[in-house]
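See structure below.
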Amino acid sequence: MGSSSSTQHHFAFQNAEKAFKAAALIQRWYRRYMARLEMRRRCTWNIFQSIEYAGQQDQVKLHEFFSYLVDHFTPSSHHERDFLNRMFTEERFAQDVETEEGGDFESIEVPDSYTGPRLSFPLLPDHATALVEAFRLRQQLHARYVLNLLYETRKHLAQLPNINRVSTCYSEEVTVCGDLHGQLDDLIFIFYKNGLPSPERAYVFNGDFVDRGKDSVEVLMVLFAFMLVYPKEFHLNRGNHEDHLVNLRYGFTKEVMHKYKIHGKKILRTLQDVFCWLPLATLVDEKVLVLHGGVSDKTDLELLAKLDRHKIVSTMRCKTRKESENREEQKRKDNQTSSGQKPTPWFLPQSRSLPSSPFHLGSGFKAYKAGRSCSIPCGSPNSKELSRRGQVRRSVDLELEQCRQQAGFLGIREKGESLPLAPDADCVADGGGVLEPTPEEWKQVVDILWSDPAAQEGCKANAVRGGGCYFGPDVTERLMEKYKLQLLIRSHECKPEGYEFCHNRKVLTIFSASNYYEVGSNRGAYVKLGPALTPHIVQYQANKATHRLTMRQRISRVEESALRALRQKLFAHSSDLLVEFRKRDPDESGVITLSDWATAVESVLHLGLPWRMLRPQLVNSSADNVLEYRSWLDSLAKEQLSRENIQSSLLEKLYRNRSNLETIFRIIDSDHSGFISLDEFRQTWKLFSSHMSIDITDDGICDLARSIDFNKDGHIDINEFLEAFRLVEQSCLEGHASACLQSTDTAESGHSSPGPC
C-alpha cells in the first residue's frame with residue numbers, strides 16, 4: 001500500500017509540474033502576442049499623429065508664405081486694400097454688424113416645402129431636443145434659422161467673461177467634454193449616455209467643435225442651442241480650430257459652402273465673429289482649470305481675464321501696432337530710391353531672394369520668417385523691436401508710394417488721405433476704432449490654445465505643431481501653486497483611450513471624438529466632476545461596428561489604413577527620396593542597405609517614425625539586407641496609379657500639394673463663393689507679380705484667367721485650378737526632359753555641358 005501511494009504522489013507531482021510549465025509557456029506566448037499587438041498599435045498611432053502634425057506645419061508654412069507676400073505689397077487703391085484684408089481678416093465693418101443685428105435674416109424666406117426643424121426665440125428645452133433629433137435623422141436646418149441662432153449666440157457670448165466660473169454647488173455634477181471635430185454621432189452618444197443638459201447636469205465643451213468631421217455645422221448648432229437654453233449650466237471654450245484661417249484647410253469652410261450655397265458667405269462671416277467671442281477658459285469651483293491646449297511659463301490668468309478676446313481674430317496671424325514714421329529711416333530709403341535701388345525691408349537680405357512658391361520656400365522667405373514680429377512659436381518680440389519694425393514698414397510704404405506717383409501709376413492723393421497699410425496692421429472695430437492686440441496678449445491666447453504637455457522640465461517652442469509650447473511638470477506645478485489649483489483639464493490631443501493623465505496626475509487630457517483617425521483607432525471620453533472634484537472618466541465607442549471586432553481585427557484594420565496613408569506620403573516625395581538614395585549609392589549600383597533606406601526616408605519626410613520597425617510592412621524582405629530602391633519606388637507609383645490615370649510624376653506633385661492647393665484656392669476665393677472671380681484672380685496675380693518682377697498688363701491677366709477657365713463660365717472652380725496646376729507641371733517636366741536631352745547631345749559632341757539636369 002505504501003509503495004502504491006508514493007507512486008501516485010510521484011505521478012501527481014509530475015503532472016502538476018507539466019501543468020505549471022504548460023501554463024508558463026502559454027502565458028509567455030500570450031504576453032509576446034499582446035506585446036506585438038501593442039507594438040503595432042503604437043507604430044500605427046505614431047504614423048497617424050506624425051502625418052497630422054506635418055499637415056499643421058504645412059498650414060503654418062503656407063500662411064507664412066502669403067503673409068510674406070502681403071507684408072511687402074503696398075496696395076495702389078482702396079479696392080486692392082480691401083481685397084487683401086478679406087484674404088486674411090475678413091474685416092468686420094460696423095455697418096455690417098449693425099445690419100445683421102437688425103434682423104437681416106428675416107428677409108430670408110422659409111418655403112412651405114421645408115420639412116426640417118423650426119426654431120423660435122427665446123429657445124426652450126424642447127427646441128434644442130428637437131434639433132438633436134432632427135440632426136440624428138439627417139435633416140438640415142434652414143439658413144434663416146442658422147443665422148438667427150448665430151446672432152442670438154453672438155449676443156450671449158459678448159456678455160460672458162473671458163474665463164467662465166462654474167460651481168458644483170448648483171449642479172449635481174459638471175461634465176467636461178473634449179474635441180468633437182464635427183462628429184455628431186459622438187455628441188449624440190454623450191447626451192444619450194450621460195443625459196441631456198439640465199440645471200442639475202452642467203456641461204463644459206472644451207473647443208475644437210469643427211473641422212475634419214462631416215457634421216461640424218450640426219455640432220455647432222446643437223451646442224449653441226443648448227447654451228442659449230441653459231446659459232448658466234452650459235459653457236463653451238474656444239479651441240485652435242475655432243479660427244477661420246484654420247477652417248480654410250481642414251474642411252469647415254468647404255462644408256458650410258456645400259450645405260448653404262446661397263447664404264454660406266453670410267454664415268461664415270457671422271461665424272468668424274462668433275468664434276472671436278468664445279470664452280478662453282472655464283474654472284470649476286476655482287480649483288479645476290479647463291482650457292483647450294495648455295499653458296506656458298508665461299501664462300497669466302489675470303491678463304487672460306481682462307484682455308479683449310474679440311481682438312484675437314486668428315491665432316495664425318498676429319496684428320502689430322501702427323507706429324509713426326521714422327524720419328531718419330525715411331531719408332535713408334529716399335536716398336536708396338534716388339540711386340535707383342529698390343527698397344528692401346530690413347529683415348531681408350539685400351539680394352532679396354524671393355520664394356517662388358509656397359512649396360519651395362527660398363532663402364528670402366526664411367529670412368522673413370525668422371524676422372517676423374509675431375510667429376507662432378513661443379518667443380515674441382519686445383516693444384522696442386515692434387516699434388522699429390513698424391517705423392521701417394511705414395517708411396517703406398511711403399517710399400513705394402512715391403515711386404508709384406513718380407511713375408504715373410497713381411493720381412495725387414487728396415490732402416489728408418492716409419496711406420493704405422498692409423492688411424495685418426489692424427482690424428476695423430465697431431465704431432471705426434482700431435483693434436490692436438498686443439504681442440503679449442496674442443501670445444497668451446496662442447499658448448492656451450496650441451500648447452501640449454511634455455515629460456521634460458521647462459517650456460520650449462512646440463515645433464511639431466508649429467505653434468504654442470511644450471510645458472513640463474515644473475511649469476504645471478508653478479501654475480497650480482500660484483492660482484491654488486488642483487487639476488488642469490485640457491484637450492487638443494487625440495489619445496488611444498480617449499484620456500490620459502500626466503504631470504503627477506495634475507494634467508488630464510480629454511478627447512471626445514472616437515474613431516478619429518479610422519474606425520477603431522481610438523475611444524472617446526468625457527470626465528465628470530462632483531462636489532469633491534474627483535475626476536470620473538467615462539469611455540465609449542460611438543461606432544457600433546467596432547464592438548464586433550476583436551482586438552487583433554481592430555488593430556489590423558487601423559494599421560492597414562495608416563500604412564496606406566504613409567505609402568501615399570512616401571509616393572508624394574518620390575523624387576526627393578530618389579535623390580537621397582543616390583547620395584547613399586556612390587557606385588550607382590541601384591541598391592542601398594536597409595539601414596541607409598531608413599535614414600534617407602527620415603531625412604526627407606521628417607516624421608520621426610521608427611522606420612526600421614516599419615520596414616517589413618513597407619519594403620519586401622531581402623536576404624542580403626539591401627534594397628533595390630528604383631523598383632521599390634516603382635511599386636509605390638504602381639499602387640497609386642492604380643487609383644489615378646495620371647502620369648506618375650504629375651500624380652506625385654498632386655499628392656504632395658493638393659491640400660496646399662485647396663487652401664490657396666480658398667484664400668484667393670476671399671468671398672467664399674466656391675469660385676475665383678476675375679477680380680480675385682487679378683488682385684492675387686498682382687500680389688505675386690509685384691514680388692517676382694513679372695511685368696504683365698491687365699489684359700494679359702485676363703487672358704491668363706480665361707485660359708484657366710476651361711468651361712468658359714466666367715470663373716475658375718477648384719477642379720479647373722488643380723487642372724491648371726497639373727498642366728503647368730506637365731509642361732515643366734517636358735521642358736526639363738528636353739533640356740536634359742539637349743545637354744546630353746552637347747556633351748557627346750565634345751562641348752561642355754551646362755550642368756546636371
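Cβ coordinates are placed from backbone N, Cα and C, and glycine is handled just like the others.
Cross-referencing HIS127, HIS142, HIS492 against the Mn(2+) 2 binding annotation in Swiss-Prot, which names ASP208, ASN240, HIS292, picks out HIS492. Each residue of the domain 'EF-hand 1' (572-607) gets a DSSP state, and the totals for helix, strand and coil are 23 helix, 3 strand, 10 coil.
If you compare Cα positions, ASP709 (Ca(2+) 3 binding site) sits closest to GLU680 out of the binding-site residues HIS181, HIS292, ASP587, GLU680. For ASP669 (Ca(2+) 2 binding site), the nearest of the binding-site residues by C-alpha distance turns out to be ASP208; the candidates were ASP208, HIS492, ASP596. In terms of Cα distance, none of the binding-site residues chosen from ASP585, ASP587, SER589, GLU680, ASP713, HIS715 sits within 10 Å of ASP179 (Mn(2+) 1 binding site).
On the 0 to 100 pLDDT scale, the domain 'EF-hand 1' (572-607) averages 89 in the predicted structure. In terms of C-alpha distance, the listed binding-site residues ASP585, ASP587, SER589, ASP713, HIS715 place HIS715 closest to HIS181 (Mn(2+) 1 binding site).
Separating the Cα atoms of ASP596 (Ca(2+) 1 binding site) and HIS492 (Mn(2+) 2 binding site) is a whole-number distance of 35 Å.
The Mn(2+) 1 site is set by ASP179, HIS181, ASP208; from the centre of their CB atoms, other residues of the chain with a CB within 8 Å are GLY178, LEU180, GLY182, GLY207, PHE209, VAL210, ASP211, ARG212, GLY239, HIS241, SER491, PHE511, SER512, ALA513.
DSSP gives HIS715 (Ca(2+) 3 binding site) a coil state; it is part of no helix or strand.
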